[in-house]
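In TrEMBL this protein carries:
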| type | residues | note |
| --- | --- | --- |
| BINDING | Thr18, Arg23 | L-glutamate binding site |
| DOMAIN | 1-44 | domain 'Ionotropic glutamate receptor L-glutamate and glycine-binding' |
| DOMAIN | 49-109 | domain 'Ionotropic glutamate receptor C-terminal' |
| TRANSMEM | 92-113 | transmembrane segment |
Amino acid sequence: MIGEVVYKKADMAIGSLTINEERSEIIDFSVPFVETGISVMVARSNGTVSPSAFLDPGGPTFTIGKSVWLLWGIVFNNSVPIENPKGTTSKIMVLVWAFFAVIFLASYTLTWLL
């Protein structure tokens, strides 16, 4: 796996990899915030990353969409009833929404770390 990342056959590798000095000179490892035994490995980049890179993880289209979504929430906040879902379908929809929220948060965090 490490050779494929080094020779640009793969963009990254995910697996149970031990971080040692020899490997860390060639490739970058993700910083673990939860110990799961899984590491993400990417080829070392030659350029530098702007200190404000975390503010623009998805480009201008994503930023405009996020602004519209937040504005919509501010304007129409009072029209949304705050009740816990009672039906099975509603509970499933909340579960799916929460799952995608976690996936989005994880991808945003990964974008910020890289």
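Cβ atoms are placed via backbone N, Cα and C, with glycine included.
Just so you know, TrEMBL annotations never went through curation; they're auto-generated.
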According to DSSP, does Arg23 (L-glutamate binding site) sit in a helix, a strand, or coil? helix
Among the binding-site residues listed here (Thr18, Arg23), identify the one with the smallest other-Cβ count within 10 Å. Thr18
Checked against DSSP, the composition of the domain 'Ionotropic glutamate receptor C-terminal' (49-109) is 45 helix, 0 strand, 16 coil
